[in-house]
Amino acid sequence: MAKGKFERTKPHVNVGTIGHVDHGKTTLTAAIATVLAKKFGGEAKGYDQIDNAPEEKARGITINTSHVEYETATRHYAHVDCPGHADYVKNMITGAAQMDGAILVCSAADGPMPQTREHILLARQVGVPYIIVFLNKCDMVDDEELLELVEMEVRELLDKYDFPGDDTPIIRGSAKLALEGDQSDKGEPAILRLAEALDTYIPTPERAVDGAFLMPVEDVFSISGRGTVVTGRVERGIIKVGEEIEIVGIRDTQKTTVTGVEMFRKLLDQGQAGDNVGLLLRGTKREDVERGQVLCKPGSIKPHTHFTAEVYVLSKDEGGRHTPFFNNYRPQFYFRTTDVTGSIELPADKEMVMPGDNVSITVKLINPIAMEEGLRFAIREGGRTVGAGVVAKIIA
């Protein structure tokens, strides 16, 4: 049987479940897939199919994640669910599964718990733009006032981490009832209300091709009689022959013009997000450009050296350090295509960071890198990955 062709007629959105252990994230994931498959077509997934998540590698780090797909009337969703708390931390920091929005699952019987708070903070730090709340296990709570109290606590927690608590959709229901096909208000209808909230509250993300042109430099050649060719994969936007671009990072920003776009040894009039291209640059010498810089639309991205970041430090078992590190630790930070040395400043209340921890740090690089909030990086020592991070806030 041939695999069905992937018809992308509907806009695509990436989401995922977050929240405290045992509050029902995986049950909800199964319930959404099952209820929506019944209504809009697609594959129903059982709890156990989602729970034994396969291992993947992202930036040298092993993460367990389950991927589920489902559709609503207007959209196609890819949904990630992680079995363990550590997997969530790693997933969100490495950006292995970037989310356009998250579904925060909170048990009505327990209210917000430590990981509820930690996942909201992580979502804020790594730049998850929208959160929708599913108040789960409402079938176990008879007291309406108690439900309202839990709802209020969740809204306050969202506010605390700069999400709009008052405007956040909160759907009450029971993932377990929905998975069993229950037609009462807390069962299947609650899942359809959640789907409606996903469709209306999370905006359709900008496609990579619609962004401002950006291409990390992978290699630089000089071709006699033609000039300098820079190769790389276009990360976002479109580049056309004759357009002016900037070369940003490591040294002072330079301006130049693209006089040719090549792909598979053929000349094109443009390259776009996802393409591996060679760009011919006018009047640029081979020694003016190096790995670690980016080519970009003028003014669209600036070079920085000083920023705060959320990082995950690999455990010994993951091939990371065997010992903690302290203030002023100086590893390499691998951004896009190259390593830059930098020093780490720990929060005032942290004396050291143990392998397996996640922590907020401040970094100062010795050379500037083109960066934006949300940019991912690896932390390396002598070519070996010892951590992963994401830029939370740019300082300078």
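One-based numbering along the chain as shown.
The backbone N, Cα and C atoms fix where each Cβ goes, and this holds for glycine too.
Quantities reported herein were computed from a predicted structural model and do not represent experimental measurements.
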Checking 60-64, 155-159, 200-204, 230-234 against Swiss-Prot, the stretch recorded as region 'G2' is 60-64
If you check Swiss-Prot, which stretch out of 136-139, 216-219, 288-291 is marked region 'G4'?
136-139
Where does Lys25 (GTP binding site) sit in DSSP terms: helix, strand, or coil?
helix
Using DSSP, how many residues in the region 'G2' (60-64) fall into helix, strand and coil?
0 helix, 4 strand, 1 coil
Check Gly19 (GTP binding site) against DSSP and tell me helix, strand or coil, would you?
strand
Which residues of the chain, 6 or more past the ends of the region 'G2' (60-64), have a CB below 8 A from one of its CBs?
53-54, 82-84, 87, 90-91, 94, 96, 312, 314, 318-319, 378, 385, 388
Helix, strand and coil counts within the region 'G4' (136-139) (DSSP):
2 helix, 1 strand, 1 coil
